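In TrEMBL this protein carries:
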DOMAIN    41-108  domain 'P-type ATPase N-terminal'
TRANSMEM  107-124  transmembrane segment
TRANSMEM  303-324  transmembrane segment
TRANSMEM  354-379  transmembrane segment
BINDING   Asp427, Thr429, Asp867, Asp871  Mg(2+) binding site
BINDING   Asp427, Lys428, Thr429, Glu547, Phe594, Lys617, Arg651, Thr732, Gly733, Asp734, Arg841, Lys847, Asn870, Asp871  ATP binding site
ACT_SITE  Asp427  active site, 4-aspartylphosphate intermediate
DOMAIN    893-1143  domain 'P-type ATPase C-terminal'
TRANSMEM  928-945  transmembrane segment
TRANSMEM  957-977  transmembrane segment
TRANSMEM  1007-1029  transmembrane segment
TRANSMEM  1049-1068  transmembrane segment
TRANSMEM  1075-1094  transmembrane segment
TRANSMEM  1114-1134  transmembrane segment
Amino acid sequence: MSGAARGRKLHLSKIYGFSCGKASFKVDHSQIGGPGFSRVVYCNEPDCFEAQINSYGDNYVRTTKYTLTTFLPKSLFEQFRRAANFYFLITGCLSFTPLAPYSAVSAILPLIVVIGATMIKEAIEDWSRKKQDMEVNNRTVKVHVGDGIFEYTQWKNLRVGDVVEVEKDGFFPADLLLLSSSYEDAICYVETMNLDGETNLKVKQALEVTAGLHENSSFKDFKAIVKCEDPNANLYSFVGSMDFDDRPYPLTPQQLLLRDSKLRNTDYIYGVVIFTGHDTKVIQNSTDPPSKRSKVERKMDKIVYLLFCILVLMSFVGSVVFGVTTGEDLDNGKTKRWYLRPDDSTVFYDPKRAFVATILHFLTALMLYGYLIPISLYVSIEVVKVLQSLFINQDLHMYYEVTDKPARARTSNLNEELGQVDTILSDKTGTLTCNSMEFIKCTIAGTAYGRGVTEVERSMARRKGSPLIHEVPIDNRNGAEEHGNIKSSVKGFNFADERIMNGKWISEPHSEVIQKFFSLLAVCHTAIPEVNEETGEISYEAESPDEAAFVIAARELGFEFFKRTQTSILLHELNPVSGIYIERSYQILNILEFNSTRKRMSVIVRNEEGKLLLMCKGADSVMLERLAKKGREFEEQTVDHMNEYADAGLRTLVLAYRGLGEEEYKKFNNEFVEAKNSVSEDREAMVDEVTEKIENDLILLGATAVEDKLQHGVPECIDKLAQAGMKIWVLTGDKMETAINIGFACSLLRQGMKQIIISLETPAIKALEKAGDKPAITMASKTSIIDQIIQGKAQVSALSGSSKAFALIIDGKSLAYALEDDIKGMFLELAIGCASVICCRSSPKQKALVTRLVKLGTGKTTLAIGDGANDVGMLQEADIGVGISGVEGMQAVMSSDIAIAQFQFLERLLLVHGHWCYRRITSMICYFFYKNIAFGFTIFLFEAYASFSGQTAYNDWYLSLYNVFFTSLPVLALGVFDQDVSARFCLKFPLLYQEGVQNVLFSWTRILGWMFNGVCSAIIIFFFCISALEKQAFRKGGEVVELDILGTTMYTCVVWVVNCQMALSVSYFTMIQHLFIWGGILVWYLFLLGYGAMSPAISSTAYKVFIEACAPAPSYWLVTLSVVITTLIPYFLYKAVQMRFFPMYHGMIQWIRLEGQSNDLDYCDMVRQRSLRTTTVGFTARLEASFRMTEKCHNKT
């Protein structure tokens, strides 16, 4: 690589707060080589003897479930783990014995078809994964082959210790240790979207000692030994050292380039392979998500077990009757069933060995009655769920055009669970809001600036019925400028205040404080400026939307950050003396980075006057306590303004600074460098300890306020979900005031709703905290939480019969106690009694614990929805995890079951697709059991009729193909296409969703009702056929009905009945359903013709039975017609009575559609009234409450 290609940009070694100098290993060097730190990499020597001894894995990555050798055994094991499949395997094996009532081939073939279909599905899915693996493994990268020569090789051939060259926009083939880059200071820009979904660029930097390796020839004699941690899943940690030229150098995550990250804005980098293949951090993180099964599927297993019990009971009863009858066949030399020749019989009918015959008959019966168990149930449901998922994915109403992202069902296992959600637990930022921050207000030196009006303020004004002071039409630009409410066209900036805009801040009383405030915003960050070469406009790559908004705000107010040099930040800044813009530089010495524990970030800079400054911004909970006594001049006003901002739903950050002495900084920097260079797992804790000492005695400048706007349609969506009877919890890290006001804005809270607030912000607790007595604080806090919960429960109980609605609001500290084992039951009981719950200042762990508590405590279906990495635990803990593909990356989406682009799509996902999928799957399962019981009981009744002799009524292949061909396709069409109510009516009448929550369509009453219907159908079919055909002449020659004709007639009636029953059950016919239902019957007749035409050796009892016996006989057709009508009349009458006198909610909506009353507002309102609850939330509840309040006032007057 030519040195001429090297870029010259910024030097970030000090910007990112560590030095590449010689490290101190006095304390921690012993860890290297110990447990967890045993990896040794010989750089540029992958073939050396020592490297071969280590025998690290290759770089081949396999994500497939199977291999060529394991596919057959592993997939068969997966299939036969299911009880039903295992049962059919046993009966299939028994079919090769004389016990079998049918041929072995007819028993094995359906099992092979079902298992084969499932295995083919598995193979297709795995093959797609295999193709992805091949594409990745066969990518090429330049690798050093010796003598400074680099050649292309496939990723899969890389070994630990190889030196590789990755060029711009290329992906890193393994976890690499960065050695050098096209920049002189060895930095590079990395995009980690494939790892965490974040699009902002990360800056990495090599050690100084290897930064000069810019040429291919530089690696001819390069040798080094890296000793580091063993492979692990932590993306953000790396501990190790590199021995180079007999000196050790510490390694940090700053030098590690992770596999599947992308090189951006850098011409090339050189790196050495540290972790390969399945040892890389991205693969270590790719663990399977928790296995989730829907409640319907778990209940279906219980039904299968119930049918097993019925099957065993039927076999037992039949065997006992058979044994008793067989024992009585020979009585003093006289035979009762002479046709069985009991005097000269095999063991199966020998009266002298009746007990043995009973046992053998029991085994025969287990095989014969096995048709009660639907062999194709599981594979049919899998196919239907996959097709349902395709409909969800293709729904244009859930496609977000702005980001070009459709809905994605990432698993099809939980489709029906979408129709049973009782509680929704939602994140706020990025889920209910856009996570697109706009700088809208600030307070500086005790003065509030910014005249913008937030959505929350508008909502509060509507709630109170008062006009907005600053509300001005946006299109009235002149008037808007006067009031400072003009909507800025700059993304991230919606600030307007004539007092400080356009350089007028110079005239403000505290102009020097304002200057320091905006200078801090322009300097205290890790953003990277990018200049558009065509337009000259500057944009910023920032780590968060908040940080980007701050830098943009500083620029718009006259403090433009435009460039980073090797050690400084450059601004265009207004000189208050001369009144002109000048270039001003700040030398960056250290950056003390933000994390969720510190809740703040700082930079240490030297300004042009040579003064050392520490600039800090952070949450008020950690910043105010760090202020110096002399730095609290504006504290009271600032706190008041921040409370006002929180009331307006804004996110606030406190800004402060302090000056540093040279000696003080020198001491700090030595400690800081030592902590940064330590090779220890506790490195971050050591760094935090050092920074803790210097971030004190700060001088308060003011605070910022940014608005995170609600996503479009959120209030309306919450309103519909609340009308559907779902409880909505919001789990957020925001302050209580902010969360409450966002709750009002999104209709989660409403005026008149009683708020139960649980908090530890009491004078008694604060006094104990000042005293520092931790045991006393814990005891008092716990007692306080219990008392508040008891009081809350008393309030809810006292008004349980009224229309009063409650909202529970609890902060993070209180929640920690409320989730303890001895309190959480009380807390959950209180929360369930409230219409909405808001948990403030919640940590990611608390979100997961709350979700688990609701899921296990209520036993009902929970849905968690979030967009960030801090929501992953919550999503995986809930029954259904929905990820928002928003601004915070794809961590939540990658851990979710279903991904959507906007919260508003949750309405259609649940109320439409959820209801449809639940109804389709439950109806499909009920119908499956119905048709199998109707068929299986005809076999049992014929057995009883034939004194349980083991003779089946049907031909072997009739038995085998019943579930596979003649009745399987209509049920698939039901599961995919049926709609009891259209999407428009699902949304218009949201209470319809409660059918799933209350599980009315899959209750034991409904399931047993369908089973009873199957038994009744079997009884009618059997006795009607026997009575009509038993003693009547069937053919022209006067011959009576034989077994083959009786079996064919009964089977025809069964096929007609179960398919017509399907036609009666379908609410929404399509051409496909017509084709499958009536086509199934037609296929039966075609089968009779084709199978009957085969040789008798193959067709046996079916040989020309239809063409010669059944078809010419009018009684065959008359019996079929009569049986079908007679069998379906009871169900038809039941449905007619139910629809007329006891309609279910979907039945009422069907009447509206049928009678064309969908536009009759009075009639629709009458039906819709059932969906309105006085304790719910949303617009509807708000209107109802206002109506009730108006009525009360009217009655008083």
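If you go along the chain as it appears here, the first residue is 1 and each next one adds 1.
Note that Cβ sites are derived from N, Cα and C of the backbone, with glycine treated the same way.
Just so you know, TrEMBL annotations are computer predictions that nobody has curated.
From a predicted model like this one, the values you see are computed outputs, not experimental measurements.
Feature map: TrEMBL annotations on the structure.
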| residue | record | CB count, 10 Å |
| --- | --- | --- |
| Asp427 | Mg(2+) binding site | 29 |
| Thr429 | Mg(2+) binding site | 24 |
| Phe594 | ATP binding site | 20 |
| Arg651 | ATP binding site | 21 |
| Gly733 | ATP binding site | 22 |
| Arg841 | ATP binding site | 19 |
| Asp867 | Mg(2+) binding site | 31 |
| Asn870 | ATP binding site | 23 |
| Asp871 | Mg(2+) binding site | 32 |
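Cα-Cα distance from Asp867 (Mg(2+) binding site) to Arg841 (ATP binding site): 17 Å (rounded to the nearest whole number). Across the domain 'P-type ATPase N-terminal' (41-108), DSSP classifies residues as 33 helix, 3 strand, 32 coil.
Across 303-324, 354-379, 957-977, 1007-1029, the stretch most heavily in contact with the transmembrane segment (928-945), judged by Cβ pairs under 8 Å, is 1007-1029.
Remote same-chain residues near the transmembrane segment (303-324) are listed as 83-84, 87, 354-355, 357-359, 361-362, 365-366, 369-370, 372-373, 377, 925, 929, 932-933, 940, 943-944, 947-950, 1007 (criterion: CB distance under 8 Å, separation of at least six residues from the stretch ends).
Long-range contacts of the transmembrane segment (354-379) within the same chain: residues 82, 84-85, 87-88, 91, 94-95, 99-102, 107, 110-111, 114, 117-118, 121, 300, 304, 307-308, 310-312, 314-316, 318-320, 322-324, 326-327, 347-348, 925, 928-929, 931-933, 935-937, 939-940, 943, 948, 950, 952, 959, 962-964, 968, each at least 6 residues beyond the stretch ends and with a Cβ under 8 Å from a Cβ of the stretch.
Cα of Arg841 (ATP binding site) to Cα of Asp871 (Mg(2+) binding site): a span of 14 Å.
Across the residues annotated as binding ATP (Asp427, Lys428, Thr429, Glu547, Phe594, Lys617, Arg651, Thr732, Gly733, Asp734, Arg841, Lys847, Asn870, Asp871), the widest Cα-Cα separation comes to 26 Å. Note: the Cα of Asn870 (ATP binding site) and the Cα of Asp427 (Mg(2+) binding site) are spaced 9 Å from each other.
Comparing Gly733 (ATP binding site) with Asp427 (Mg(2+) binding site), their Cα atoms are 9 Å apart once rounded. A mean pLDDT of 90 is what the model gives for the domain 'P-type ATPase C-terminal' (893-1143).
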